[in-house]
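Written below as structure tokens is the structure these notes are about.
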Amino acid sequence: MAGNEGRSEEERKHEEELAAFLKLRKDARGGTPIDSSQLVLEVLPYLCLQAEFTIVGTSAYVTALRKKVLKQGGEGAGREGGGDAGGETLIEAAKDPARTPVVLLGDVGMRRVDTAVLLHSLTNPNQLPALRMSAKEITASPARFFGGKGGRSLTTTGEGLLDLACDSSAVIITKVESLQPHLLARLQQLVNEGELEGKEGGKERGKEKGKERGKEGGKEGEREGPGSRPRGAFSPLRPGLFFSGIKSIWRRGGKYEIGDNDLFDKSFDVQRTNLRNNLFETVPWLRQFLRDIDWPHGLNNGFTRYVFPIYLAGLFLGPQDRDHNVLLQLFWSWWWPAIMVIYPVLGRIWCSVCPFMIYGEWAQETLKKVFPTFKLKKWPQSITHKWGPWFLYGLFVAILYWEELWDLPQNAALSAWLLLLITGGAVVTSLQYEKRLWCASLCPIGGMNGMFAKLSLLSVRTEPGLCQSCGQYLCINNEKNNKPGCPLGVAPSKLADNSNCVNCLQCATDNCPYDNVGLYVRPLAADISSGSHEARDWEVALLFLLMGNVFMRRMPQILQSLHLPLAWLDSFPSHAAATTVALFLPALITYGAHVLFQAPRISSSVRLDCDNKPAPVDFIHLAYGYLPLAWAANTASWGEFFLREAVNVLPVTAMSLGVSRDAAYAWLPHWTLSNDLVAFLQLVALLVGGLSSVWLTNAITHRSLKEMLPQLLTIFGLECMFAVAVLGPGPPWH
């Protein structure tokens, strides 16, 4: 063959194999051999000569895979439209004289392309090699795969890869889930009917005996990786997840799965896969930068550990009102609005730098140094999972009553005691139990952070297939390398949503030996809209409590808007009663609306009943539609305090150091924002939150706006109430 000079031995071997393949392949119309020199350069990139691996390993997943392929069938085996495959193995399926299709589903790292090639070589040891083409290449030029004269086919006579694959060959399609819908429909037609419409001469050959199709979704050459069997590789219950790990091999007719779900019977959301972007790949230096600065321990141990006691001392010893103590202003007028703005982007990242648990971890380190043989207890899972969240909810309720009835935002010493009590809880639990039990199950701030983190754009996730055979679980516990592992004791491959991840990124920077943990940019509230998150009753109760928090803090404005006397807040009993009504009013409104109007009408396609009909959405799942509105209302409320007080930070700082008010405002710059500007920004936040709640509710219910009318009216009513509370007359704080 011309041009062999300068080619490597491996390349020449590939060309010889391809030439042999093409000579054996007869032209479908005339029965004459195809000229190999015509196609060698075109077809060579698609040739799969042999599998690059065998199925090895000792994890439960790999063992099950090996048994399914080589020894015995399993529960996932079944035939599609062709009877029961019972205990038939994949090898037996591959040897089926009818040459029916075989499907393998699995996660990234399980090498389904190589499994397909391995099966083909084991069942046809003396036959032709397989051909492989990616869905991206098929989309760019369908004629190269399906054939036809209307596009850039592989031959001048219109052959595609399907035409070149003869009886003893195989065709493997990679990343099939990324095919465009019309191409996916053609492939499904070929699988179901064995023929294609639209080629010259009528129908394209589809029922030809011996055709084997393989397809694989996901990244090739991934390393195998922790030991439990993954969930279904593709599930219609999770339309918003990114299925780059789907890997399968096809043979027309029957199906033998490693996984639980069919592929072609489900619809694909191709657009969403394009939104999954790993920042560690997009910004290659980011992972090393986080390692260099020792995030977050460098900040915690080098700065926060020493500054926090000084901060508390300033609250105890300095001026006691917010107009004269910049440290008190920093807590109530800076931290609260800042944490609200952070939630939709960075999620629960505050927990990774929170000063409360810094001292809890410091106490653990000190205890280990003083008593080297002392072992901290494992978490009492049965107790903490059942009662821990309700403990933090009750603690949050108690804190809100304390803040309102004793006016903590205007009392620096009481605010310091609040911070000390939360820190004390973190230290006490840390001296008894390993890792961060307080953060995971008991901290009221942590519960709020975890709930709002479900809105986050950034998510720590892994390619699950690579975690299947690792078995080391260094991401959870890496003591052998003197590294802590996940502070909440959660493997990143097991995360159902962002609520249990504090974005410390220890798993990504220090613990995973394969750098398989990524920091992904995803749509807002992706886990809620896709139905993959864990819906919790206590979390919903906390959501409505934080809605009520807005009403509680705005009671003077509400009373003035309703032309009611402010004297109601002067008496402790009436003030406590008004606080109770404000805190629990949103829960009563939303649940009442659900019972009266929504429960009989709104249903969801996320969970199916035995008749394959949409089942009604329960209130706990539906309530997450209010989460964006709760976030927006709190952002609008807290944001006003920041906008009005941050502009005076320099004079207030001077007054905190003893400078008189007149001198501070006379000599230091300060500004005043227009009331109209502040109101406009608050209104924008409320509108964004309301529209986002409508969108998220639609994603949860999968219903039209007409069918969602009761829910929409409830959202609109709450938004109007928040507008009255936030934009009403009077000062923002009484």
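Even glycines carry a Cβ here, placed using N, Cα and C.
Note that the structure is a prediction, hence the values are computed from the model and not measured.
Summarising the annotation, TrEMBL assigns compositional bias 'Basic and acidic residues' to 196-226.
For the domain '4Fe-4S ferredoxin-type' (492-522), the mean pLDDT of the prediction comes to 89. Sequence annotations record features per position, and here TrEMBL assigns domain '4Fe-4S ferredoxin-type' to 492-522.
Look at TrEMBL and you will find 195-236 tagged as region 'Disordered'.
Residues or ranges marked as transmembrane segment in TrEMBL: 334-362 (among others).
Sequence-distant contacts of the transmembrane segment (383-402) (same chain, at least 6 residues past either end, Cβ-Cβ under 8 Å): 408, 414, 418, 437, 440-444, 446-448, 536, 538-539, 541-542, 545, 549, 552, 576, 579, 583. For 383-402 (among others), the entry in TrEMBL reads transmembrane segment.
The list of residues near the transmembrane segment (414-433) in space but at least 6 beyond its ends in sequence, with Cβ under 8 angstroms from a Cβ of it, reads 312, 315-316, 328, 331-332, 355-357, 359-361, 363-364, 367, 376-380, 399, 402-403, 406, 408, 439, 442-445. Annotation comment: TrEMBL describes 414-433 (among others) as transmembrane segment.
Under the heading transmembrane segment, TrEMBL lists 538-556 (among others).
Taken from TrEMBL, the feature transmembrane segment covers 576-597 (among others).
The list of residues near the transmembrane segment (677-696) in space but at least 6 beyond its ends in sequence, with Cβ under 8 angstroms from a Cβ of it, reads 524-525, 528-529, 624-633, 635-636, 639-640, 643-644, 708, 712, 715-716, 719, 722-723, 726-727. According to TrEMBL, the feature transmembrane segment maps to 677-696 (among others).
Here TrEMBL flags 708-728 (among others) as transmembrane segment. Tertiary proximity for the transmembrane segment (708-728) is limited to same-chain residues at least six positions away from its ends with a CB under 8 Å from its CB atoms, namely 547, 550-551, 554, 557-558, 560-561, 586, 589-590, 593, 596-598, 601-602, 622, 625-626, 629, 632-633, 636-637, 640, 679, 682-683, 686-687, 689-690, 693-694, 697-698, 701.
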>> With Cβ-Cβ distances below 8 Å as the criterion, list the same-chain residues six or more beyond the ends of the transmembrane segment (538-556) that contact it, or say none.
In response: 389-390, 392-393, 396-397, 400, 404, 447-448, 450-451, 499, 566, 569, 578-579, 582-587, 590, 619-620, 623-624, 626-627, 629-630, 633-634, 637, 718, 721-722, 725-726, 728, 730-734
> What is the number of residues in the domain '4Fe-4S ferredoxin-type' (492-522) that are helix, strand and coil, as DSSP sees it?
Replying inline: 9 helix, 5 strand, 17 coil
